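S.K.: Would you mind keeping the following structure in view while I ask a few things?
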Amino acid sequence: MPGSGKSSVARQLGRSLGWAVVDTDHAIESRIGMPIRDFFSLHGEPAFRDLETEVLAHCLQPTEPTVLATGGGIVLRDVNRDALRARSKVFYLRTSVEELVRRLRHDTSRPLLQGVDPRQKLHELYAQRDPLYRKAAHYVVEAHRPSVMGMAHWIQMQLELGGHLNGQGAAPTLSA
């Protein structure tokens, strides 16, 4: 979900692990040379989702250990969910709609939240996406109020306990 903390937690986790960090939204913006909201306005959501799928496929073939933060809608396509589950360890940062509303109340960069009632739209997105995040996720992190550092530490512990930090596991992906 937008505002769940994926990018912030990914940066902290990357620092803690000494790994590269890739945010698919930033990778998309670099590729298209404009903000995502402008691309949405010009080309629409289906074109954006096509591009998102291409970028994800590229990001899931890292040349070094990488923490990947995905855009909130990455789970809308089966192919993306399947690729994420097969090539990474997915952590769903689950946050309540009320907390998302609080976090995003002044954010004007989210195309799906522009020109609508943000609370209503977030409820709709949550109803649509929560089951999809759960399908994609290996782990669910309740991210209502814990600190970014606390969530990153918990994820690192899960990776260690699962044996994924000894070179034998897939890179973590933060999705929500």
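Just so you know, glycine gets a Cβ as well, placed from its N, Cα and C.
Heads up, TrEMBL stuff is auto-annotated, nobody curated it.
TrEMBL lists these features:
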- Gly3, Ser4, Gly5, Lys6, Ser7, Ser8, Arg110: ATP binding site (BINDING)
- Ser7: Mg(2+) binding site (BINDING)
- Asp25, Arg49, Gly72, Arg129: substrate binding site (BINDING)
S.K.: Counting Cβ neighbours within 10 Å across all chains shown, tell me which of the binding-site residues Lys6, Arg49, Arg129 comes out on top.
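M.R.: By the 10 Å Cβ neighbour count, Lys6 comes out on top.
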S.K.: Measuring C-alpha to C-alpha, could you say which of the binding-site residues Asp25, Arg49, Gly72, Arg129 are within 10 Å of Gly3 (ATP binding site)?
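M.R.: Neighbours among binding-site residues, in sequence order: Gly72.
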S.K.: Where the distance is taken from Cα to Cα, which of the binding-site residues Ser4, Lys6, Ser7 turns out closest to Arg129 (substrate binding site)?
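M.R.: Checked the binding-site residues Ser4, Lys6, Ser7; minimum Cα distance to Arg129 (substrate binding site) goes to Ser4.
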S.K.: Please report the distance from the Cα of Ser4 (ATP binding site) to the Cα of Gly72 (substrate binding site), rounded to the nearest angstrom.
M.R.: 9
S.K.: Of all the binding-site residues given, Ser4, Ser7, Ser8, which residue's CB has the most CB neighbours within 10 A?
M.R.: Ser4
S.K.: Where the distance is taken from Cα to Cα, which of the binding-site residues Asp25, Arg49, Gly72 turns out closest to Gly5 (ATP binding site)?
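M.R.: Going through Asp25, Arg49, Gly72 one by one, the closest to Gly5 (ATP binding site) is Gly72.
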S.K.: Between Ser8 (ATP binding site) and Arg49 (substrate binding site), find the distance joining the two CA atoms and give it rounded to the nearest Å.
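M.R.: One finds 23 Å between the Cα atoms of these residues.
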S.K.: How far apart, in angstrom, are the most distant Cα atoms among the substrate-binding residues Asp25, Arg49, Gly72, Arg129?
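M.R.: Looking at Asp25, Arg49, Gly72, Arg129 as a set, their Cα atoms extend up to 18 Å apart.
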S.K.: Provide, as an integer number of angstrom, the distance between the C-alpha atoms of Arg49 (substrate binding site) and Ser7 (ATP binding site).
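M.R.: Counting only the Cα atoms, the answer is 19 Å.
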